[in-house]
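For reference, Swiss-Prot has these:
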COMPBIAS  1300-1316  compositional bias 'Low complexity'
CROSSLNK  Lys1168  ubiquitin cross-link
CROSSLNK  Lys1171  ubiquitin cross-link
DISULFID  Cys33-Cys52  disulfide bond
DISULFID  Cys150-Cys178  disulfide bond
DISULFID  Cys182-Cys205  disulfide bond
DISULFID  Cys215-Cys224  disulfide bond
DISULFID  Cys219-Cys230  disulfide bond
DISULFID  Cys231-Cys239  disulfide bond
DISULFID  Cys251-Cys260  disulfide bond
DISULFID  Cys264-Cys276  disulfide bond
DISULFID  Cys282-Cys303  disulfide bond
DISULFID  Cys307-Cys321  disulfide bond
DISULFID  Cys324-Cys328  disulfide bond
DISULFID  Cys332-Cys353  disulfide bond
DOMAIN    491-609  domain 'Fibronectin type-III 1'
DOMAIN    735-828  domain 'Fibronectin type-III 3'
MOD_RES   Tyr980  phosphotyrosine
MOD_RES   Tyr1161  phosphotyrosine
MOD_RES   Tyr1165  phosphotyrosine
MOD_RES   Tyr1166  phosphotyrosine
MOD_RES   Ser1278  phosphoserine
MOD_RES   Ser1282  phosphoserine
SIGNAL    1-30  signal peptide
Amino acid sequence: MKSGSGGGSPTSLWGLLFLSAALSLWPTSGEICGPGIDIRNDYQQLKRLENCTVIEGYLHILLISKAEDYRSYRFPKLTVITEYLLLFRVAGLESLGDLFPNLTVIRGWKLFYNYALVIFEMTNLKDIGLYNLRNITRGAIRIEKNADLCYLSTVDWSLILDAVSNNYIVGNKPPKECGDLCPGTMEEKPMCEKTTINNEYNYRCWTTNRCQKMCPSTCGKRACTENNECCHPECLGSCSAPDNDTACVACRHYYYAGVCVPACPPNTYRFEGWRCVDRDFCANILSAESSDSEGFVIHDGECMQECPSGFIRNGSQSMYCIPCEGPCPKVCEEEKKTKTIDSVTSAQMLQGCTIFKGNLLINIRRGNNIASELENFMGLIEVVTGYVKIRHSHALVSLSFLKNLRLILGEEQLEGNYSFYVLDNQNLQQLWDWDHRNLTIKAGKMYFAFNPKLCVSEIYRMEEVTGTKGRQSKGDINTRNNGERASCESDVLHFTSTTTSKNRIIITWHRYRPPDYRDLISFTVYYKEAPFKNVTEYDGQDACGSNSWNMVDVDLPPNKDVEPGILLHGLKPWTQYAVYVKAVTLTMVENDHIRGAKSEILYIRTNASVPSIPLDVLSASNSSSQLIVKWNPPSLPNGNLSYYIVRWQRQPQDGYLYRHNYCSKDKIPIRKYADGTIDIEEVTENPKTEVCGGEKGPCCACPKTEAEKQAEKEEAEYRKVFENFLHNSIFVPRPERKRRDVMQVANTTMSSRSRNTTAADTYNITDPEELETEYPFFESRVDNKERTVISNLRPFTLYRIDIHSCNHEAEKLGCSASNFVFARTMPAEGADDIPGPVTWEPRPENSIFLKWPEPENPNGLILMYEIKYGSQVEDQRECVSRQEYRKYGGAKLNRLNPGNYTARIQATSLSGNGSWTDPVFFYVQAKTGYENFIHLIIALPVAVLLIVGGLVIMLYVFHRKRNNSRLGNGVLYASVNPEYFSAADVYVPDEWEVAREKITMSRELGQGSFGMVYEGVAKGVVKDEPETRVAIKTVNEAASMRERIEFLNEASVMKEFNCHHVVRLLGVVSQGQPTLVIMELMTRGDLKSYLRSLRPEMENNPVLAPPSLSKMIQMAGEIADGMAYLNANKFVHRDLAARNCMVAEDFTVKIGDFGMTRDIYETDYYRKGGKGLLPVRWMSPESLKDGVFTTYSDVWSFGVVLWEIATLAEQPYQGLSNEQVLRFVMEGGLLDKPDNCPDMLFELMRMCWQYNPKMRPSFLEIISSIKEEMEPGFREVSFYYSEENKLPEPEELDLEPENMESVPLDPSASSSSLPLPDRHSGHKAENGPGPGVLVLRASFDERQPYAHMNGGRKNERALPLPQSSTC
């Protein structure tokens, strides 16, 4: 039927449409395919997509039960689907990324039950992988019941859809079991960008090697190219060139002649919601249909199938619409010419129709108060071109629901020239109200029979009104069976044969011969389900028209010698039916009773069939080698249920578990076994244990609220409706198959992959390196119960368990399809223990090689091993990955000092850690005396030369200093301890020297570490600048010679820095007094003061708003860039804080000049044990605990600086004393999230505060994660984007704490023994500078305070700790 609201164009029509479109409209080598592509049962049908660029319609891929290798199928041309994408039960498909690598847009022009992307029951799908999918224009996504599907939590759907609230992602693999890893995260070099989902700021990717594409924020809602260049505003999804409306992958609005346009040009029309076509294109669609079809129309600038509501065609051959005068006439047509109305649903198809082309057959057998519904849907019909037949409509009392019917043309008539036929309507009492009704029957006769409640006078009145009086013969309006509820059947019909199958019954009966054979009209067969043989003819009938019997009319055989019969189909297998037959005759006997015939009630059962699948399969593990499985019987046993077949198969481990190196904490994937309680004899609920009402201890589960119950109920109903809709949409009927086909399908999985073996065999299967091993199925038979226990399984291993139902005909028909469940066994205690002894072999250069056997049956899979070894002092740990162990069979320990050692080894599997092995003892020998003698011969001359050279240099420098008349205000310096000074302590003027007359001081800026800091002007210190505003640092007049030399040495540190984000040294005035250091002027002071000035309550607030998120990120990037430069030049800052960052005139933040601001904020430091001042509130746990300072500890301090920025320079750990802060941080405490702090900024802080230093990002990685948020000028001036930023060799980045000298904070620690960290001797170094001062040297005196804080690398330097004159 084609009506105003429904019906689609034939496939041939669309074929012509898409062929012409492919040749003329789309500017690629591909085609526009459609109107919808349905690929089912055979994976080779995928070839239909080979040349498709756009699918104008939907794409179904479903019901492919045989697992295939899809890697050879790739469709890179496909970029757009205009409607929706549906995937359902496709075996073997693991990712969509290879199939559709360039699918970019799903428009959702028409949806599948409100969804544009549906992925349902895809058992092998491991990831979606549509890494180029950028836009789903309309509709939501539904991803459900995909047992192995991961990488769902790593996709930010808000970047693809406008709204994510209607998305439904349920029943997939739990994220904790997936171990989703975005590209580069395992190597700690993440490549993907981060976004926030449900308050979780994380990397976004589609697979382990494909990031989710995000466009720069500067693009707004525009798409972008692969190189992050913004597309033209009319582009959707992506483009091949920036700002080019001819280079779009898809169009935001409409596509025409190779260009994306906001609206269709003149003389073109919108089509299918995405492109523009001309009038001839619409006309070509018309010509493709049959001649009597009205085809497409053009209305309101759109080419569409029919006029919208309120409009009608302007003539039968017109392509244009005009407004209706009053209700619009609407012509409806049934393709089969006859429309059967047997329910409200079928009547609904006629809603709004005024003219019906064809015949109406009304057959409403049951239903209460159905007339109002029929009137809503059929009340506007005015004309029927064919005939109207009303039969067996026991629910009808009147025909008034056809309230506007005024003309029956009778162009097509029933046999006998009938155009109005009313037969066997048990409750029909009235036709129409003829006082207010004009109905014309233009051609044909009327026929009325077997309407016991319809008065003959009502029929005669209709004759007069309709103009048919005189057309009917005497038998057409039978006065004996209309209006008379009497009937008596005197003859008995006898069945002659019955034949049954699983859903059919064929019956025949004796031919009935009434006295006048002409009065035999037909037969009616009545049948119904009858579990018991106690039904009667009148069961289920009432005055309202309810009737429990199904009725089928059987026409008389044309050959009088053939016995009448009927095929009843659509029956249920293995079901007993009651059947009887009644003859419909007009024969009258003398007492005016109707003469007829009927049979006795016959009981007959259909044949058995394959049962439906078992229901509600559950599995739980009660030990490391057993799984308990429980299920419910099938809803349709289709026979006498006899037994069940239980089959199980070990599942291979996920491939990434073999590929990744898990020697990093917090990155080991989590697996859970199938917990729960299933009792073998009786299934009982395991009561939950929760904390209710604030009281601890086990108690009942807290009751759900009414709102929660209602929400769960609605969700369950919605899920059921969706599944029904899904199954009704994709399961289409096909011709009945032969029985051998049914048997073959039912037994395919049961026989082809089974083998005759016992369950015990599964325990001895080895664990090969083959990632996707196909393990065999094992099976057992379960009789007379719905539960079983599977034994002899491997510990902590995932199994697939299939349950098949089998009835008494299983040998012949086969068993049901399977219902399956995945379950994991419990871990076995001791399974991860290393079974044999640990052995060792000596290796050259103070190394040994440890060997040990692998656990035989581990809990799932061994991921790594951990070695704990050491001598008498402290144990060290070494991690050995699975790959390394498989390659070498053990591990090598290098660079061991001579002595006795013990070592123990522990394995880590998917379930956790095993036990430590018994210790193995080994001895590392010292080098032989001969070797020592050789070394001594080599080293002695070198030492003598160094000593002599040092003495010569000292004498030269001393002589030069002595003759320098301008030293120390013209007075010679007499040292109390002349042996203390070395050549390294004396400052030698160099190219940084500036003449004093070029410096002019103007005003004081503040007090520095050594003296006052002034603002001034320097001439010629910056190239191409005659005069430059500078900061001038001085030394107090009362400063000692040591302090003056230290002042100049600290300035010398700055000579090596040349970075935009580090405050620059411009020159030094060391000749004469006072000594001056010329620095870059930072007019806005230190960052701490600047941030506090932005507080609203500050009186000196320069009317500047608090920094926005983008400004905070800009500050963070500038600080990180300066720190990355220091790190690249082997400097460890050790005192990174807001007070030590400076703010320039243009608000650029730079790393400070390492001394200018420290005395101002001396309260930010803490003196531990009476020694040097320490910035404990900015220090990392390892720095507080072991005195280790590395670039990782600088990253921790950087996180605290971010916290200062977010709080406008509040004091960290406010409310805690310095001692409390020290303990709090060493015990793992962290700063709380500041109020109104953006998630992105706080997530960056948390990354910097990882307790394990190795887990913290480097400064370069920090910049990489926020580089898209930085201002464009950052690229021009930063170290990150400079040529100087070259990645060093891996050896150079090895700043591991274990490779560094770890000495307690006590500066008086003896060189002979290392005291515990909390012991303090209270002694000071006898010679040298005051506590807390660190002079940069080539090597450090062990007794020099805080020398150990420089880190443990010879080529790495540390910046000085803060000074204090009070030390």
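Cβ atoms here come from the backbone N, Cα and C positions, even for glycine.
Of the recorded residues, Cys224 (disulfide bond) and Cys251 (disulfide bond) place their C-alpha atoms 13 Å from one another.
The Cβ of Cys324 (disulfide bond) lies under 8 Å from the Cβ of Gly310, Phe311, Ile312, each of which sits 6+ residues away along the same chain. Rounded to a whole value, the Cα-Cα separation of Cys205 (disulfide bond) and Cys276 (disulfide bond) is 36 Å.
Rounded to a whole number, the distance between the Cα atoms of Cys150 (disulfide bond) and Cys276 (disulfide bond) is 40 Å. Secondary structure at Cys178 (disulfide bond), as computed by DSSP, is helix. In sequence order, Arg222, Ala223, Cys224, Asn228, Cys230 are the residues near Cys215 (disulfide bond), counting only same-chain partners six or more apart with C-beta under 8 A. Shown are the modified residues Ser1278, Ser1282; the one with the most C-beta atoms within 10 angstroms of its own C-beta is Ser1278.
Residues belonging to the domain 'Fibronectin type-III 3' (735-828) score a mean pLDDT of 70 in the model. In the three-state DSSP scheme, Cys276 (disulfide bond) falls into the strand class. Cα spacing between Cys178 (disulfide bond) and Cys239 (disulfide bond): 33 Å, rounded to the nearest whole number.
Listed in sequence order, the recorded positions from Cys219, Cys251, Cys303, Cys328, Ser1278 having a Cα within 10 Å of the Cα of Cys353 (disulfide bond) are Cys328. The DSSP secondary structure for Cys224 (disulfide bond) is strand. On a Cα basis, Cys307 (disulfide bond) lies 14 Å away from Cys282 (disulfide bond). Here Ser1278 (phosphoserine) is compared against the disulfide-bonded residues Cys33, Cys52, Cys182, Cys303, Cys332, and the shortest C-alpha distance is to Cys182. Taking Cα separation as the measure, Cys264 (disulfide bond) is nearest to Cys251 of the disulfide-bonded residues Cys219, Cys251, Cys307, Cys328.
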